[in-house]
Each structure stands twice: as C-alpha cells, then as structure tokens.
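Student: Below, the features straight out of TrEMBL:
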BINDING   ARG58, ASP115, ASP116, SER117, LYS157, GLY174, ASP175, HIS252, SER253  substrate binding site
BINDING   HIS128, HIS153, ASP154, HIS226, HIS252, ASP285  Fe cation binding site
Amino acid sequence: MTILIEQQPDLGFSSEVKNVPYDETNELVLDGGFAMPKTTSNAGFDAPEINSFGQSFRDYNAESERQKTVEEFYRLNHINQTYDFVKRTREGYGKLDKAEMSIWECCELLNDVVDDSDPDLDEPQIEHLLQTAEAIRKDYPNEDWLHLTALIHDLGKVLLHPTFGGLPQWAVVGDTFPLGCAFDESIVHHKYFNTNPDYSNPSYKSKNGIYEEGCGLENVVMSWGHDDYMYLVAKENGTILPPAALFIIRYHSFYPLHKAGAYTHLMNEEDHESLKWLKVFNKYDLYSKSKVRVDVEKVKPYYLSLIEKYFPTKLRW
C-alpha cells in the first residue's frame, strides 16, 4: 500500500432475483458462546433471530453498554451531517489522493476498524465482509459480481483509519439519509435532528426540499460516509461491476428507503430495478452478523480472482 496524503478533509448479469435451495452441506458454523438461534428461512438463507450479542437485530432500544455507544453515535451524526458538510467533504475525498492500494490490501486494513454505529457487531470488519460474501455465494453461486460486491461494500470504512485522516465515526458509518429535504421520521433516533442546522432551513423542510419528484437518487445528496466513498472509489477507478452493484455499495446503509420505504418519491425507474437487488443483499448484510467463522485462506483465492476480473490491480483511494 502506498500512502499519498494523510489529511482529513455494463457486464451482462441476471436481472432475476431468484430463490435457490438451501445447501445444508455448506452451512457456516455459528460459534460464539450462544446457543444456535432459531432461524427463519428466506430465499435459501437461514436468517438468525439474534445477533452476536444475543439480542434482536437492529434493536436500538435494547439496554446495554453497546446501545449507549450507538445512541451517542447517532446523536453526533444527526447534529453534524448537514448539506454543506457533505458537499465540502465529498469534494475533498472525491479527489482520491489519500492512498494507492489493492482491494485485498484494503480488506486487511479494515482489521483495525470497529463500527460504533452497529448494534449487532463489535468485531473487525473483515470478518463481516467475508461472512456476507460467503452467505450470498451459497445461494447465488452464479452471480459472482454479487459475491464481490458483498466483499467490498464496507471498504469505505477505511476513512476511520489514521492513514486516511481518521474521520470521526459519525462521518463514516451509520444509517444514511438524504439532505436538502425533510428528515423522515423512520430515520433511527430521529429526535436528535432538531439541533441540526438544516432542520430549521426553510428550503429543506418540505418532503421534496430542493429536489424534483422522480429525479433519481444519483441526484440526491446523501449523508456522507463509507457507502458514498466506496462508490466513488469503485466508479472513478473504472470498475466493470454492473450498475446494480454500484447501487448496492452506495445505498446499502440507506435503511429509511429499503427497510421503511421512505423517499421512494425521489427514485427513478433504474433505482427501482436496482432496489430489488439491494433488498436481496441487505438480508445477508444484516443477518450474517453473528459469530460466524470463515476460513480466510481457503476462500481468499476465489475473491482475488473476482477482484482481478472486475478491478485494476491498484486503486486510487
């Protein structure tokens, strides 16, 4: 990896979202001190009902020290994520002048990162990346672009790393949401927006705000974080991943949309098509956050081959 600056500032693929029989012979082993949870099966993947802390997934009200950390994160996030902040920060990081490294080097760099916004996970991110990718690989064996998308979707969290200037957690992780229009009440810990400067801006208070209905999400300013950063890295480095993959990378933390159905009035036709794949991906992204062990050295050659297929050897970050 080459650190340049330390400062903060269509392939053809199946468009059908299919059901694949669950292959019990390839089942990942859950081993984290908790009893094997009851699961619900959907599209071949068995989704556990509890996370690695023994609690329900995305339960932001459960009493625990972890939850206190998560709520404080969202308080800071909702106060500081403003339209002006995002425009300024995106312009700075969009120069991609922080480092040169491969996709796999970035995966390894994430061993030092823990996401304070996540109530379901407190382990290094590399574990989650491989958990998600391997779970999808079981059920969608022919969609190699989706396997790779799962592996790289959180790589933007390197923004937390000191070599990238060490942005604060509230500027890197957490659920994302549009800026320049009203904050939907489905956004987790919505109450903290009342001290965000944009909250009282008359131009941003309506449902559409500064946008036209059906304008397309690509024209909407989203809260800044690892999603949008990794999207910029992939796009500007000339990846040949399909549009649905870039949509997943950019909006996988946009839970108000794909969980609550908010902001659909801003979507265009292409967004609706890509959202089908995002909803498939999200199930694996969320419910693979249990104590799942993946043999990294065993699966590494497969993912290196995908990286070589879809990306240049070295990327600008």
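Cβ coordinates are placed from backbone N, Cα and C, and glycine is handled just like the others.
Show me how these features fit into the structure around them.
Tutor: The Cβ neighbour count for LYS157 (substrate binding site), using a 10 Å radius and every protein chain shown, is 27.
Residue environment of HIS226 (Fe cation binding site) contains 27 other Cβ atoms, counted within 10 Å of its Cβ in all protein chains.
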Student: Same chain, not part of HIS128, HIS153, ASP154, HIS226, HIS252, ASP285: whose C-beta falls within 8 angstroms of the C-beta centre of the Fe cation site? Give them in sequence order.
Tutor: LEU129, THR132, ALA150, LYS157, ASP227, SER253
Student: Would you count the other CB atoms within 10 A of the CB of HIS128 (Fe cation binding site), including those on all shown protein chains?
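Tutor: For HIS128 (Fe cation binding site), the 10 Å Cβ neighbour count is 25.
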Student: Of the binding-site residues LYS157, ASP175, SER253, which sits closest to HIS226 (Fe cation binding site) by Cα distance?
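Tutor: Sorting the binding-site residues by distance from HIS226 (Fe cation binding site), the top entry is LYS157.
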